[in-house]
Amino acid sequence: MSDENIRQIAFYGKGGIGKSTTSQNTIAALAEMGERIMIVGCDPKADSTRLMLHSKAQTTILHLAAERGAVEDLELEEVLLTGYRDVKCVESGGPEPGVGCAGRGIITAINFLEENGAYEDLDFVSYDVLGDVVCGGFAMPIREGKAQEIYIVTSGEMMAMYAANNIARGILKYAHSGGVRLGGLICNSRKVDREIELIETLAQRLNTQMIHFVPRDNIVQHAELRRMTVNEYAPDSAQAQEYATLARKIKDNTNLTIPTPISMDELEDLLVEFGLLGGDEEYEKAIKQDLAKRGA
């Protein structure tokens, strides 16, 4: 396998942040620019390719391997499907809830794809990875040097920023051994007060950039109901142009850095600074008011 010229990128982000939606819309825009791309879904929900394939959920490598008895019994054509603009689509899958490690599917899938020539004739490979925790399995694309550029999907909400900081910590751990770098934060807007300024400040603290701010628009949900990307559903819309702009920024991005994660105290101080979290005095005042109400 010769993959030296392939741009291997990964989208990480906490569950529910819109990571898979953002990544698929961005990849669709890249494909429209003529790029040859494969998506490797690394989320147990197996929803990383459904907008590209116009389907509910793609059958995963791990599911088929369990049915057959071993991953060696699979054919590449069974798990690699072609979607919108000829984007190749694969879902690694995960075990039954409460049994085994979800990261195992990622390791199994990538090894299978490599051994069967799936990485040939590509410009980009995009890994869509669950990012609430960067455990051994979910860190596999980073740890093994597969994904070289990480884009973190976040918002101005505290838990999304907390997850982004944790992911940055995971990138730092493998930056020197695997060569992985942080490409930037993608702010998928939740309409939080001063959200652009907040994420730009977080990006500075993490030694990276806010590569793009994706505004909130109901057209995204309208497209998802039809299992389509916005680019396909409403190509002339303002939101489609936002994803095209993000895709162009990623394509041209050379600002790849080793992140500098911050402490929980620093993150909370940042939220206090932007008025999204009360300081100690406000906290104590709120507690006193609550106790007074209970005593009344």
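Using the three backbone atoms N, Cα and C, a Cβ is placed for every residue, glycine included.
Record features (Swiss-Prot):
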BINDING   G13, K14, G15, G16, I17, G18, K19, S20  ATP binding site
BINDING   C101, C135  [4Fe-4S] cluster binding site
MOD_RES   R104  ADP-ribosylarginine
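The structure, with features from Swiss-Prot marked on it.
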| residue | record | contacts (Cβ under 8 Å, 6+ apart) |
| --- | --- | --- |
| G13 | ATP binding site | K19, T22, G131, I152, V153, T154, A160, A163, A164, I167, N188 |
| G16 | ATP binding site | none |
| I17 | ATP binding site | V153, T154, S155, A160, A163, N188 |
| G18 | ATP binding site | V153, N188, V220 |
| S20 | ATP binding site | F11, G41, D43, K45, D47, S48, D128 |
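Over all protein chains present, the Cβ of K19 (ATP binding site) has 26 other Cβ atoms lying within 10 Å. G13 (ATP binding site) falls within a strand when secondary structure is assigned with DSSP.
Other than the site residues G13, K14, G15, G16, I17, G18, K19, S20, same-chain residues with C-beta atoms no more than 8 angstroms from the centre of those residues' C-beta atoms, the ATP site, are G131, V153, A160, N188. Around the Cβ of G15 (ATP binding site), the number of neighbouring Cβ atoms within 10 Å comes to 13.
Annotation note: G18 (ATP binding site) sits in a coil segment as assigned by DSSP.
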